[in-house]
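Asker: Please see the structure below; I have some questions.
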Amino acid sequence: MAEPIRVLVTGAAGQIAYSLLYSIAKGDVFGKDQPIILILLDIPPMLPVLDGVVMELQDCALPILKEVIPTDKVEVAFKDIDAAILVGSMPRKEGMERKDLLKANVAIFKTQGAALDKYAKKTVKVLVVGNPANTNCLIASKSAPSIPKENFSCLTRLDHNRACSQVAMRCGVSSDQVKNVIIWGNHSSTQYPDVHHAKVNLQGAETEAYQAIKDDAWLRGDFISTVQQRGAAVIKARKLSSAMSAAKAICDHMRDIWFGTKEGEFVSMGVYASGNSYNIPEDLIYSFPVQIKNKTWKVVDGLPINDFSRAKMDATAAELVEERDTALDFLSQ
């Protein structure tokens, strides 16, 4: 049996974690024969809830789950971890300005970045889920200077999966018959879901998405706004934010980091925007198409970009630059 790996989930008493922890603990993410020690971090008032989560994990009687450690202390949570899934963040409350939200989250992710720097393995893979995810990820990375920037990513896989699903439903195929959709930019309503490079498998033949769908107006209109606004639509319907689909996307994202992407396919991931071929400003966490091998991602460079896409990619980059600059102001205070 392999050595156990230590996996940290923050915000572990919340609803995304509740959907996520079972999948991790039964081997869907790191492999069916990879023993796991789960470390669950949350704030002190949530510790009683966390005890209930621990009991449930124990009651699942999962063979690879070796230990579950609930805690409210960063020095316990971040110690020697192999993977960190940072779900916990300050949610936006009614009447709250985005700036107020940023300020609260800068404080959280500065603390967590410093804890990663001090206690975690230098090889740790860090996935930031808590919103605003791209900028929170950047703050965590800047607060952990001894850990390579490439080890940090933020979740845009949920948007990616949403885009795949919309295309699949439109074509009357299952979602695994759609590949290479791209989410560019920020995990916000300015993100750009792009299917100019996507392929759909129709009766065994790979077809360009635009050819398969034959409805340019939909692809440039309702498709984009549906993916951009999907989170808000779920909240309106459920009165709660996406949890099951977010947990599935986290699993997809981490499994791809661990085991790599399929040959000829790419996925969307918010990663460090240095030296990219798309003229995206440096020093941002921006969602790109990536391929992953040996736990290392690489941006898929050189895809042709038309004027329609260019404008949308630049708009979401501009929002990220503004977010970053605001957050860095708070970071330096």
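Keep in mind that glycine also has a Cβ here, set from the backbone N, Cα and C atoms.
Quick paste of what TrEMBL says about this protein:
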type: DOMAIN; residues: 6-152; note: domain 'Lactate/malate dehydrogenase N-terminal'
type: BINDING; residues: ASP42, ASN105, VAL129, GLY130, ASN131; note: NAD(+) binding site
type: BINDING; residues: ARG92, ARG98, ASN131, ARG162; note: substrate binding site
type: DOMAIN; residues: 156-330; note: domain 'Lactate/malate dehydrogenase C-terminal'
type: ACT_SITE; residues: HIS187; note: active site, proton acceptor
Asker: Rank the binding-site residues ASN105, ASN131 by the number of other Cβ atoms within 10 Å of each Cβ and report the first-ranked residue.
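Answerer: Neighbour-count leader: ASN105.
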Asker: Taking the Cα atoms as reference points, how far is ARG98 (substrate binding site) from GLY130 (NAD(+) binding site) in Å?
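Answerer: One finds 14 Å between the Cα atoms of these residues.
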Asker: Rounded to a whole number, what is the top Cα to Cα distance in Å among the residues the record ties to substrate, namely ARG92, ARG98, ASN131, ARG162?
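Answerer: Greatest Cα-Cα span of the listed binding residues: 24 Å.
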Asker: At its widest, how many Å does the recorded NAD(+) site span between Cα atoms of ASP42, ASN105, VAL129, GLY130, ASN131?
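Answerer: The NAD(+)-binding residues span at most 16 Å between Cα atoms.
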Asker: Other than its own, how many Cβ atoms are within 10 Å of the Cβ belonging to ASP42 (NAD(+) binding site)?
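Answerer: The answer is 23.
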Asker: Rounded to the nearest Å, what's the C-alpha distance separating ARG162 (substrate binding site) and ASP42 (NAD(+) binding site)? Just drop the number here, would you?
Answerer: 29
Asker: Non-local Cβ contacts of the residue listed as 'active site, proton acceptor' (under 8 Å, 6 or more apart, same chain)?
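Answerer: Listed in sequence order: ASN131, PRO132, ALA133, ASN134, CYS154, LEU155, THR156, ASP159, GLY270, SER287.
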Asker: Report the mean pLDDT of the predicted model across the domain 'Lactate/malate dehydrogenase C-terminal' (156-330), rounded to a whole number.
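Answerer: Mean pLDDT across the domain 'Lactate/malate dehydrogenase C-terminal' (156-330) comes out at 97.
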Asker: List, in sequence order, the same-chain residues at least six positions removed whose CB sits under 8 Å from that of GLY130 (NAD(+) binding site)?
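Answerer: GLY130 (NAD(+) binding site) has long-range Cβ partners THR10, GLY11, LEU86, VAL87, GLY88, SER89, MET90, ASN105, ILE108, PHE109, ASN136.
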Asker: Near VAL129 (NAD(+) binding site), which residues of its own chain have a C-beta under 8 A away, given they sit six or more steps off in sequence?
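Answerer: Non-local contacts for VAL129 (NAD(+) binding site): ILE16, ILE85, LEU86, VAL87, SER89, CYS154, LEU155, ALA246, ILE250.
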